[in-house]
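Engineer: Pasting the relevant annotations from TrEMBL:
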type: SIGNAL; residues: 1-19; note: signal peptide
type: DOMAIN; residues: 280-362; note: domain 'IPT/TIG'
type: DOMAIN; residues: 540-609; note: domain 'IPT/TIG'
type: DOMAIN; residues: 625-698; note: domain 'IPT/TIG'
type: DOMAIN; residues: 703-785; note: domain 'IPT/TIG'
type: TRANSMEM; residues: 808-831; note: transmembrane segment
Amino acid sequence: MKLLFNIIILFLFFPFIFSQGFNPPEAARSEEPGVLYLTNKPYNLTFRYDGVDVTLDPIRIDPGNISVFDFNNYYKKWQYSKLSVPYQDRVDNIVLQNQTEIISDYTLMSLGPVKSPKTSGERIIAPSKFFMMGIGNRTYVDYVRGDNFNPNYKSIKTGPVEYNDFKEIFIDFPESCGSFSLLYDYFGKSMNMTYANPLITKSLVNNNQVTLDGDNFYNTSSKITISINGGSNIPTTSIISVSHQRLVFNNVFTNSQYYKLNISVCGISSIYNLPVPSILSSITSTSNKGGIVTLVGTKINFTNTNGSSTDVKVTIGGKQCTNVNKVQDGTKLTCIAPQGNTDNIDTIVYIDGIPSNPIKFNFIPSIISGVSQDHNQFEFVGDSFGNIKDTKVLINGFECPVISISSSMDRIKVSAPKTIPNASKVQIKIGTKLSNIFEFNVTPVIESISKPSTNGSTITINGYYLYFNKPNSADLYQASLTNTDSSDMVFSCSNFRNYNDKGDSFVCDLNGKGVGINRNVTITIDNRSAIYPVLTFAPPVITSVYQSDSIGYVNGWNFGIYAQYLQVIIQGKQFKVDKVNHTEIQFNIPIESKLGLISVIVGGQESNQGYLNLTPLLNGHGNITTQGGSLIIYGSYFSPFAKYKVVIGENECTNAFLIDKQDYSKIQCTIPSGTGANKNISVTMDDKEIRNPTQFKFSYDLPSVSSVTSVGLNGGNITIQGTSFGTPVKVSIGDRVCANAEESNFNLITCSIDPFASIDQVPTTSQTLRVEVDSLVGEYTDFKYEIPGASSETTSENEETKKKSKTWLVPTILLPVLALVGASVAGGFYLKKRNDKLKQQNGVKDVSYQP
């Protein structure tokens, strides 16, 4: 009917088309999803889409004048059935409209890709284009057709994912399997599909059966075919049960290896490499330290069914069991178990990486072979000590707390009572397993030693396990105490005796000299060295402190005899000492010391505090030029709160004060200008004269020359600049006196040097210039006289060059030059006369102009 309608339309409009001279456009078969093909070459298509007018140009022109329009962006919002081309619009600018009737046989409708559904049935979302709902009761997808449907044609439920938006539709596939066709577009189009392949996510194999978990196994064993390694099939009768998610069949495999299974459901198949594991039944035991164990089971094969060797590995508690050896292929092997710290751990055999079932492993009972001691902690050595949670240690039947067990299970540390006897017994218990009984002796432990004086005294030694009497006897063990801490301290103990009968103390007499804290000593009882014996001497005690000039003295006791172990602390600062004995310390008092608290440290122990009342001293003074100014006077132990007065010679150095309240060694005052040396200096502090132990005198700075002018053959005046100048002043250069020396502003001196008799007498090397101010002499060693000659030669050469350079001008400007020469001669006589006068006054060399 549809074809007939199209033919009628063509005949009705044929005369009109022929008279216009071009063919009408018509829709060609859509070879690409979402693309429309039209014959002839319309310039564009205009249509209404989602309420908006859209004009579309062709994307290309295919051979045969086929215009190609891309509708892929315009397929979601059509409100009617299908997009079609009306033939009545026969102009170049074709207008495409929405139509409720079908005019063209070929549409833009497309579907897919569509995912394969599960055998249990599944709703699938698929992309679609131009799947607008048809007129009446038409559906999006018509039917599914296949041999495994009953009947072969089966209608299904479909619909849009979003209303009036046709980019996706849903399809509800029924339960089935195998291949089928999907029919749509009113049976005009179809899509060949299959249900999803079998999927295996997990397998479980035991001695009797194999269980595969996954999906798409369907629900009928007759639809399932299972082949092994591309060969024979497993009989259908061996399939125990099947559901969509689980397939169970008999274990027909002989070895532990991977088997390639081809599982086909209604002709749709998947490949799965099935790991068949070994099945373990028993394992022997060994020590916690590790050893040989034997495993028994089935499928413990060292070769595959194809004759190739397998890779066999064993783990116990996740650790490798090494040196795996075959005892009987398929049923038994041995390996060396690793050390472990717990019982009841999993053992697994791997054949080519395939793990067996786990079997529990336990270690043998503990073995004790030795012991060491640290105070009241005992470490026993041996084997198979287990873990802290399950292990108990019994000493003389008393359970002791376990502190630690080594990772190799061969060492265990416990805390024992401080009252256990010298000879004791220990046993280790893990669960119901008991170790051997081990006997051991305890070592004496020292907790404290009373403090002797630095000159020696009786001491008391306290601790535990101090069994001084022999068992069942009044006799005492041999004992000793010796110093092992320092080679320069030698002391020991004698006359050992019990302090009580509890085994926790004894006394002895310390001989020799020593100081300090925590001195290491060795104490033995019956040749058993005690643990942690350290000796601390009594701390130092100060009874008095006094000063003799810069020497300080501290009296008291427990100072020892070792200066290298002693420091003096004055106001928080440490100073070394010069001499020391048990009752007196002698030291130099540093100049920066302050009166106040003093203490001593002897071998790391600080004494009580004494008071050092320092007497101030003078030590010297700083530099000062003859100009005067701020003078610093150095000393020791000045007070920050006192008033000071300084007198130098007969003059007072005014405004005297302590420069820094934290530094008691410097006083500053203002001294007037002056000269000279060896002047008496007097300083008082709060009107009390400060001692000057070295009887030093005051002197101004020596004269210092920084620069000097020079003269030559004719002598003349020189100017000297520097510091600390004054009067009376004398100046000499080498063996010549610079006469009429005059000083000004303490930094400038002028004097005059007589002319030399000839140029040969002028020194050519550096001369020493001496400045003497009131018996204080300063020297300047780099004075140089001016040497005449070099400047005159240069002048002559320049004049000659000028004359040569101007000879070319003579012919042209002779008269102006003659006039210039006349003027130059007249000026030259004037300058020469003036220069001769200056030479008489200053003694400078002649550098006048020569015409």
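Just so it is clear, glycine is given a Cβ too, placed from its N, Cα and C backbone atoms.
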Engineer: On the DSSP side of things, how many residues of the domain 'IPT/TIG' (280-362) fall into helix, strand and coil, could you say?
Structural biologist: 0 helix, 51 strand, 32 coil
Engineer: Mean pLDDT, the domain 'IPT/TIG' (625-698)?
Structural biologist: 94
Engineer: Just to be sure I understand, if DSSP states are collapsed into helix, strand and coil, how many residues of the domain 'IPT/TIG' (703-785) fall in each?
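Structural biologist: Per DSSP, the residues of the domain 'IPT/TIG' (703-785) fall into 3 helix, 47 strand, 33 coil.
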Engineer: Kindly report the helix/strand/coil residue split of the domain 'IPT/TIG' (540-609) according to DSSP, in that order.
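Structural biologist: Counts, helix then strand then coil: 3 helix, 40 strand, 27 coil.
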